[in-house]
């Protein structure tokens with residue numbers, strides 16, 4: 001069997017489909033290296049027909065780095081590093097915005113691996129957008145304005161208290177998460193630690209304000225940036241099939257899960273790979 005992976009770009013800026021890998025078995029070092037560099041280059045990659053268990057998903061994710069355990073979402077049985085995103089009428093989707101995962105911590109995730117376990121008959125697509133392409137499309141004066149600015153990211157923006165009052169145990173878990181994750185600052189423009197490329201690093205899910213400018217200026221800048229980053233030309237859209245896998249670079253992308261499938265059910269498993277502290281370095 002050939003060790004060579006087939007990598008087909010899905011657009012000029014972001015996204016590729018990969019075939020020739022069996023993720024139910026450990027990848028060879030050669031194949032993992034190809035996969036790793038494909039994620040760096042294309043920012044999100046997709047593989048079909050990968051019926052992996054939570055344990056196998058964890059093992060694959062651990063080859064990319066140390067894993068994050070989410071403070072609120074439920075975990076797969078016996079595998080704390082795999083969160084279960086089970087959405088249906090009694091538990092509707094709660095992240096109906098474009099976001100980068102877990103930017104409310106000092107070292108936001110470097111990436112994530114998402115596995116489709118149960119899908120609606122139609123709908124439930126996920127879209128990703130490229131912060132690199134969005135940054136490179138800006139004029140030079142506007143890039144200069146943004147470079148060096150810092151923005152606040154707040155856990156509570158996507159996890160407000162009212163959503164976690166069903167039980168006292170749930171509310172207590174939320175309070176503990178808030179105490180452990182106070183608002184913090186990240187650069188508005190982030191330098192990728194491996195490629196050196198610059199990317200916009202603000203997202204509607206967690207970014208609350210730009211601290212180096214006035215309140216009105218912050219509102220205007222964030223309103224523009226949220227709209228600009230999510231322009232269709234910077235996006236790729238994936239129509240899920242059972243046992244599909246998506247792997248993305250969380251440092252330079254945002255994503256949006258379409259909530260158009262209720263009352264049907266959608267179950268996804270996610271492993272989240274820890275990253276490093278965001279920084280900006282002039283190119």
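Any Cβ shown, glycine's included, is placed from N, Cα and C.
Taken from Swiss-Prot, the feature taurine binding site covers 70, 73, 95, 102, 270. Residues annotated as Fe cation binding site in Swiss-Prot: 99, 101, 255. The 2-oxoglutarate binding site annotation in Swiss-Prot covers 126, 255, 266, 270 and rests on experimental evidence. What Swiss-Prot lists as 3-hydroxytryptophan is 128, 240, 248, and the listing cites experimental evidence.
Positions of Swiss-Prot features highlighted on the structure.
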residue	record	contacts (Cβ under 8 Å, 6+ apart)
70	taurine binding site	83, 102, 272
99	Fe cation binding site	158, 203, 204, 205, 206, 254, 255, 256
101	Fe cation binding site	108, 109, 112, 250, 272
126	2-oxoglutarate binding site	114, 237, 238, 240, 246, 255, 256, 257, 258
128	3-hydroxytryptophan	14, 15, 43, 44, 235, 236, 238, 248, 253, 254, 255
266	2-oxoglutarate binding site	85, 86, 87, 88, 118, 119, 120, 124
270	taurine binding site	82, 83, 85, 112, 113, 114, 115
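By the criterion of other Cβ atoms within 10 Å of the residue's own Cβ, the least surrounded of the recorded positions 73, 102, 240, 248, 255 is 73. Whole-number maximum of the Cα to Cα distances across the 2-oxoglutarate-binding residues 126, 255, 266, 270: 17 angstrom.
In the three-state DSSP assignment, the secondary structure recorded for residue 128 (3-hydroxytryptophan) is strand. For the recorded 2-oxoglutarate site, residues 126, 255, 266, 270 set the reference point as the centre of their Cβ atoms, and the other residues of that chain within 8 Å of it by Cβ are 85, 114, 246, 257, 268. In the three-state DSSP scheme, residue 101 (Fe cation binding site) falls into the coil class.
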